[in-house]
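Chemist: The structure is given below, and queries will be raised subsequently.
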Amino acid sequence: MTEKKYIVALDQGTTSSRAVVMDHDANIISVSQREFEQIYPKPGWVEHDPMEIWATQSSTLVEVLAKADISSDQIAAIGITNQRETTIVWEKETGKPIYNAIVWQCRRTAEICEHLKRDGMEEYIRNNTGLVIDPYFSGTKVKWILDHVEGSRERARRGELLFGTVDTWLIWKMTQGRVHVTDYTNASRTMLFNIHSLDWDDKMLEVLDIPREMLPEVRRSSEVYGQTNIGGKGGTRIPISGIAGDQQAALFGQLCVKEGMAKNTYGTGCFMLMNTGEKAVKSENGLLTTIACGPTGEVNYALEGAVFMAGASIQWLRDEMKLINDAYDSEYFATKVQNTNGVYVVPAFTGLGAPYWDPYARGAIFGLTRGVNANHIIRATLESIAYQTRDVLEAMQADSGIRLHALRVDGGAVANNFLMQFQSDILGTRVERPEVREVTALGAAYLAGLAVGFWQNLDELQEKAVIEREFRPGIETTERNYRYAGWKKAVKRAMAWEEHDE
């Protein structure tokens, strides 16, 4: 083991940049966090300022070391985990972005996606990239930038512009432009990457007219990519040695490294991943086949279902509807009523993700009667998170043939005991909440630490997977199915709301 005592995980999320310091026993020593601006130029469009992402992330790194009172030469390695799919294009020479980052939630490329469907690309994309055609993924976002920023496609062909997901952007900045890389997990979310040959897909690049010259080199999730002296006194060079997209990092942090193990992360959106080992399972039920990390950071595969609005729907109750003052209040108000009084909230504010994939669905509240009050709507909004999770799990079990015995959970909303109990009730499955909640950062730290020998193998980490609380189903099957049938009816009516007549 190295004499250096700590690993730093950088967790670049959708609404904030965070830095977490961990010791050899995977204890969290200190955390620093900075929020940044969400930019909404038009309805359904979402952007970030890449320079603000960099500024907030780099300052959290400086802050977290100061908070922990440790110097940079005590850091063995840095791991990075990031919001996936969010797309940045910048000038190689100056490091200046040519456009704002187009965020994963942004729906502006729905028309490009319609063209791909009309051109019969669905089967090819599913078979080779593991994905469905949706504005969510990076490929159509890159095309949009190249289509709309004058002269950019020609500049990209000349090697003057670079593309990256957020991990790539951060490493480029941290290494002063010396290293242009991504890892397999992030590459697998671009719709430009062949998950079987593990290389950029020439046909997808041709179809979307994206020059190969602008793409990063793709590497394993656990190896040394480069070094940085950011935040360090006296210029100590710290290896950057772990990268994984946030959901794959959480899967690894939960130590779901064996076939059939699954986790659900309750953040801005909800993301369920099931490790399928060395086998890429093709989904017949609207799920994604994606790349995950095996026990040493090598390529494994996973099935993934994405729910776009989870914590974001609670923020909507707080910020737009003013029904609660704080996200934590939602549990208190939800438990003031016995049920939702027949109300279902479908939070399809930006369309629906897995297994529906309908960018034209919109949010709706069904079952309103005169007796419905704010508490019923708050409760129904919380319940919608659990219903959407069941939608995904049903699809996952059908594709994999694996019946899940326990679901590991993480993310901000898992502190809500009402939601976790309802989740167990509506799934009819055990829900396991870990003691260490920072599993996304843990995953990045584990990947970075394994690469530099800070930890020798995962066996050293197994005892860290302590379950703080287990939730068990508390309702009958008939009641479960009755409630779920109501949800399915509500979803059906929220779909295709925005679709334009041909």
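We number each residue from 1, going along the chain as drawn.
Cβ coordinates are placed from backbone N, Cα and C, and glycine is handled just like the others.
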Chemist: Pick the one from GLY120, GLY164, GLY177, GLY412 that Swiss-Prot also lists for the ATP site with THR14, THR15, SER16, THR268, GLY311, GLN315.
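Modeler: Candidate in the recorded ATP site: GLY412.
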Chemist: The glycerol site in Swiss-Prot includes ARG84, GLU85, ASP246, GLN247. Which of TYR40, TYR124, TYR136 is also listed there?
Modeler: TYR136
Chemist: Out of ARG84, GLN247, THR268, GLY412, ASN416, the binding-site residues in the record, which is closest to THR15 (ATP binding site) when you go by Cα distance?
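Modeler: Answer for the nearest of the binding-site residues: THR268.
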Chemist: Name them in sequence order: residues not among ARG84, GLU85, TYR136, ASP246, GLN247 whose Cβ is within 8 Å of the mean position of the Cβ atoms defining the glycerol site.
Modeler: GLN83, THR86, TRP104, ARG189, GLY245, PHE271, ALA306
Chemist: Measure the Cβ-based neighbour count of THR15 (ATP binding site), defined as the other Cβ atoms within 10 Å of its Cβ.
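Modeler: That number is 16.
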